[in-house]
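Per Swiss-Prot, the feature domain 'EF-hand 1' maps to 12-47; the stated evidence is sequence analysis. The Ca(2+) 1 binding site annotation in Swiss-Prot covers D25, N27, D29, S31, E36. Per Swiss-Prot, the feature domain 'EF-hand 2' maps to 48-83; the stated evidence is sequence analysis. Taken from Swiss-Prot, the feature Ca(2+) 2 binding site applies to D104, D106, N108, E115, supported by sequence analysis. Among the features that Swiss-Prot reports, domain 'EF-hand 4' is placed at 127-162, with the record citing sequence analysis. Sequence annotations record features per position, and here Swiss-Prot assigns Ca(2+) 3 binding site to D140, D142, D144, R146, E151 based on sequence analysis.
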Amino acid sequence: MSHKVSKKLDEEQINELREIFRSFDRNKDGSLTQLELGSLLRALGVKPSPDQFETLIDKADTKSNGLVEFPEFVALVSPELLSPAKRTTPYTEEQLLRLFRIFDTDGNGFITAAELAHSMAKLGHALTVAELTGMIKEADSDGDGRINFQEFAKAINSAAFDDIWG
C-alpha cells in the first residue's frame with residue numbers, strides 16, 4: 001500500500017525527499033538510524049516525545065531492521081504531503097513563527113544572511129556562500145537583502161529552501 005501512496009507524489013516531491021533523506025544519512029548507507037531520523041525531525045521542527053518517536057520508528061521501520069530506508073521514509077511522510085489541508089501550507093502559523101524566531105537571532109523581525117548561516121550551522125548544515133546567497137535571493141521577494149516573516153513562511157511552505165538539505 002505504501003508503494004501506491006508514493007506513486008501519487010510528483011517527481012519534484014520525491015527528489016526533495018531524497019535530498020533531505022541523503023543529507024541526514026551521515027554514513028551514506030541508504031538508511032537512517034534512529035539518531036539520524038531524530039536529527040532530521042528536529043531540523044524540521046518536529047520534536048516527538050520518546051514514546052511518540054518509538055511509535056514513529058515502529059510505523060516507519062517496516063523491515064524491522066532498526067533502520068528507516070528511503071521507501072519507508074517516503075511511506076511515512078507521504079500521507080502528510082498528500083493531505084489536501086497540508087499541501088498548500090504544511091506548517092501552522094505558530095510553527096512557522098517559532099521557527100522564524102530561531103533564525104531571527106536578534107529578534108528584529110528579519111533574518112539576515114549572517115543569522116541564516118549561523119542558525120543553519122547550529123543545525124549541523126553549514127552553508128557555502130553560494131548556497132547562502134541563493135537561499136536569500138530565492139526567499140527575499142522584496143529585494144531588501146533580508147527575509148521577513150511573510151517571505152520566510154512562503155519560502156518554507158513552497159520548499160524554496162530545498163537546497164538546505166542538499
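In case you wondered, yes, glycine gets a Cβ from its N, Cα and C as well.
Cβ atoms within 8 Å of the centroid of the Cβ atoms of D25, N27, D29, S31, E36 (the Ca(2+) 1 site) belong to the same-chain residues F24, R26, K28, G30, L32, T33, L67, site residues excluded. Ranked by CA distance from E115 (Ca(2+) 2 binding site), the binding-site residues D25, N27, E36, D142, R146 have R146 at the top as the closest. A simple Cβ count within 10 Å picks out one of the binding-site residues N27, S31, N108 as the most packed, and that one is S31. Mapped onto DSSP helix, strand and coil, the domain 'EF-hand 1' (12-47) counts 23 helix, 2 strand, 11 coil. Those same-chain residues not listed among D140, D142, D144, R146, E151 yet with C-beta within 8 angstroms of the centroid of the Ca(2+) 3 site C-beta atoms are F110, A139, S141, G143, G145, I147, N148. Take the mean position of the Cβ atoms of D104, D106, N108, E115, the recorded Ca(2+) 2 site; other residues of that chain with a Cβ within 8 Å of it are F103, T105, G107, G109, F110, I111, T112. Mean pLDDT of the predicted structure over the domain 'EF-hand 1' (12-47): 85. Residue density at D104 (Ca(2+) 2 binding site): 22 other Cβ atoms are found within 10 A of its Cβ, drawing on all protein chains shown.
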